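Asker: After the structure tokens below, expect a handful of questions from me.
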Amino acid sequence: MAQLYYKKVNYSPYRDRIPLQIVRAETELSAEEKAFLNAVEKGDYATVKQALQEAEIYYNVNINCMDPLGRSALLIAIENENLEIMELLLNHSVYVGDALLYAIRKEVVGAVELLLSYRKPSGEKQVPTLMMDTQFSEFTPDITPIMLAAHTNNYEIIKLLVQKRVTIPRPHQIRCNCVECVSSSEVDSLRHSRSRLNIYKALASPSLIALSSEDPILTAFRLGWELKELSKVENEFKAEYEELSQQCKLFAKDLLDQARSSRELEIILNHRDDHSEELDPQKYHDLAKLKVAIKYHQKEFVAQPNCQQLLATLWYDGFPGWRRKHWVVKLLTCMTIGFLFPMLSIAYLISPRSNLGLFIKKPFIKFICHTASYLTFLFMLLLASQHIVRTDLHVQGPPPTVVEWMILPWVLGFIWGEIKEMWDGGFTEYIHDWWNLMDFAMNSLYLATISLKIVAYVKYNGSRPREEWEMWHPTLIAEALFAISNILSSLRLISLFTANSHLGPLQISLGRMLLDILKFLFIYCLVLLAFANGLNQLYFYYETRAIDEPNNCKGIRCEKQNNAFSTLFETLQSLFWSVFGLLNLYVTNVKARHEFTEFVGATMFGTYNVISLVVLLNMLIAMMNNSYQLIADHADIEWKFARTKLWMSYFDEGGTLPPPFNIIPSPKSFLYLGNWFNNTFCPKRDPDGRRRRHNLRSFTERHADSLIQNQHYQEVIRNLVKRYVAAMIRNSKTNEGLTEENFKELKQDISSFRYEVLDLLGNRKQPRRSLSTSSTELSQRDDTNDGSGGARAKSKSVSFNLGCKKKACHGPPLIRTMPRASGAQGKSKAESSSKRSFMGPSLKKLGLLFSKFNGHMSEPSSEPMYTISDGIVQQHYMWQDIRYSQMEKGKAEACSQSEINLSEVELGEVRGAAQSSECPLTCSSSLHCASSICSSNSKLLDSSEDVFETWGEACDLLMHKWGDGQEEQVTTRL
């Protein structure tokens, strides 16, 4: 390893060490820039403002500098939610860059408002984008503010951006092959996929859908379905797209949760999209929205309790309190209606609008009648299989029996019902239901059976022993197909289990297991074909004839199995039945003494059994267990969705009569047929004006009804959205709890409040100078208290340099002594003192006042020290804690006993580069002088004449208490 760093390892003194260094070093910040960013971090408004002002004059600070984390001052202010410093930085034209995106990600609403209202000043020089490190940006180029806000799902920020009329790129179709999609995918496929994912992630935001969509429920339906289909195409991001699809489904369900009355629920579920092609625009109150939800597989929406409550009310219409009745009463009621279904059907045929005719149209009654009709059909199939009517078994073309004649109307009724369903719903919707495919297979088998029986009846008239019939005799094939159709007819009854809460989940689990079996069969057939081909190739040469076998029997069905692998078909059968243990091992033996061939054959046969039984069969069991567990975890939702589909099939108009009564033409059917024939072949001579008026009237009525329905729907949606947003914000605040961000905000608030208090006490901010006492009165009070000290203060002056351009303040130490104040002075001295600068006595009073506030009131024997630049009271023995222990004790005592005369202070540059070693230098630059209460003496010197007037009385009181018994000593260093 050391050879990677040194060429000559043997002669290296550090050959047993690996040297480390920073290979990707970044530009280090200067002390001023570090102090500037530190002030922004702590919320020190005054220091930040001073640094910005100095940067405009001296260019000693890069206001767009970044810390090691890549955060500029503006981003730090956004992270700390310090809007005052943000506004200050924006007023000084800092580089904004991705600040808006950063504020959106941090969900700082105030910062977003401030940045949206920010306008770059005209004529100002802005930092060009190319000068910034674009590769270090945390956001990809395709991310826009509205997309990022939608990703965070912050309702307030999304609302602010939508009010600015922002836009989102419209995603192309899933399998779009346009020039733009093809070229984008070829240039950078990762960026193309990521960009599509970011767009859909933004579009799937519940807050964005609630704000910008006229029909948020329908938008969630379509978007969820599109995302589900997209997950099948974009396999790399399948989990992300499925999560977004589930998010859309939950949003639609949560929106429906906010419905508070049956009226609102009916308006939502009966609303129809005018642009929808799959629904008839002439029908109203047909649960159109619920049909769309079923079409898009919105299981959560359909299984929502409010929706199920309305469906149950419609389903049990005419049977109030049905669920509260005893199960015996329910059973007797259903059996009674079931036995009466022929009479109810005949009553409907004769008079559809009578009481009995309207009674059978109720969904629950219709369901019972159809179930009773199907059970009757199964009973007749049972009678047909038992051969109650005896016939000659050796007749090649037997005529139909009485039971078969009774079965025929039911078969025709089933076929007619399937034709009507395919005509009403369309072929695509018809084949999407697996039960329809099963019905199609069952009806096809019945038709084939009837056709073959007719052929046998016409072609074969004689009687012949059945053992002598050929293998493909029509009667034999018809009997086989009829047996298969009987099995399918009996299994079709499982679909009715969905109506029961106990059998429904089991029926759904069975359907999922069938899918697992199909997946398993695909792999199993591949293994079966592979071993069948190998074994057939090995044993093909050892095939024997039937006459050479016992009892002239050849194959695995013989008493002694033989020739199990002689042909490919026989090999496939043998391997299949071996899974169930029905094949013996001696089938791998051959009559010749070819032991190697027998060994290879037995090994291949054993390997097949290990793979099929141990591996594949256990894999199938695991898959079926997983499918059952998946249904069991969501049993309630899956069952309610399946039950709703069953109920909806009986809510629709049509299909009222069960088989076989549905094939009987009703008077209503004759009326409809007559009207169609009359309008088609015998049109009446009607003036064009009358026809146009009729069309205009009907169009106006439909349009008015549509407008009224849409207005009611929009009112309900508006209320639902308001309730949803309120609940979302309330839940987010409840679930959030105390996080690390809350403690950071609290820390920042405390820090900002601290500096605000310091500014208030130190009067560092210009806007807060609202004082009442005049400077003349303050000077008079000061001269009165100072006594003869004021005369000495006239000859002394101190200069402060505000613009320290280097890291250390250059200039000699300004240390002076000031005796204790004596008695009151005369009027002339007061007048002369009022003409002087007010800052000297005021600063002296403030120094004493701050020391009093800080709790550093020293005992008479101690000698306290005060540094105005730091505002921290320090004892002389504390110098060792701040790395000045090397100072001599005598110099330290001299420094502690020295005083400064602050009667006259002038603004200007401190001339001279010599620096004193007697007193420690407390600050290295103007940015580092804001560490405590009086953080910046330069800020104090910038104050106007009225700054210190409000502190006059408090300072006088402290001066009297302080002056009794000890000498005032103040030490300052700049």
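Backbone N, Cα and C define each Cβ position, glycine as well.
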Asker: Please work out, from what Swiss-Prot records, which of Cys525, Cys553 forms the disulfide with Cys558.
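Answerer: Answer per the record: Cys553.
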Asker: Membrane side check (same topological domain name in Swiss-Prot): His432 and Ser509?
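Answerer: Yes - Swiss-Prot names the same topological domain for His432 as for Ser509.
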Asker: Which candidate in Asn461, Asn678 appears in Swiss-Prot with the annotation N-linked glycosylation site?
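Answerer: Checking Swiss-Prot against Asn461, Asn678, the N-linked glycosylation site entry points to Asn461.
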Asker: For a quick check of packing: other C-beta atoms within 10 Å of the C-beta of Cys178 (Zn(2+) binding site), how many?
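Answerer: A 10 Å sphere around the Cβ of Cys178 (Zn(2+) binding site) contains 10 other Cβ atoms.
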Asker: Which bits of the chain, at least 6 residues beyond where the topological domain 'Extracellular' (385-404) starts or stops, bring a Cβ under 8 A of a Cβ in it?
Answerer: 453, 456-466, 469, 473-475, 486
Asker: Using a 10 Å radius around its CB, how many other CB atoms surround Asn461 (N-linked glycosylation site)?
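Answerer: Excluding its own Cβ, the number within 10 Å is 10.
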Asker: Using DSSP, what is the helix/strand/coil residue split across the topological domain 'Extracellular' (455-476)?
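Answerer: Summed over the topological domain 'Extracellular' (455-476), the classes give 11 helix, 1 strand, 10 coil.
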Asker: Any idea what the Cα distance is from Asn461 (N-linked glycosylation site) over to Cys178 (Zn(2+) binding site), rounded to a whole Å?
Answerer: 67
Asker: Return only the integer: C-alpha distance in Å from Cys176 (Zn(2+) binding site) to Cys558 (disulfide bond).
Answerer: 60
Asker: Could you state the whole-number distance in Å separating the C-alpha atoms of Cys558 (disulfide bond) and His172 (Zn(2+) binding site)?
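Answerer: Cα to Cα, Cys558 (disulfide bond) and His172 (Zn(2+) binding site) are separated by 64 Å.
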Asker: I need the least crowded one of these recorded positions (Cys176, Cys181, Cys553, Cys558), counting other C-beta atoms within 10 angstroms of each C-beta.
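Answerer: The recorded positions Cys176, Cys181, Cys553, Cys558 were compared, and Cys176 has the fewest Cβ atoms within 10 Å.
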Asker: Tell me the Cβ neighbour count for His172 (Zn(2+) binding site), meaning other Cβ atoms within 10 Å of its Cβ, over all protein chains shown.
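Answerer: Step by step: centre on the Cβ of His172 (Zn(2+) binding site), count other Cβ atoms within 10 Å, giving 14.
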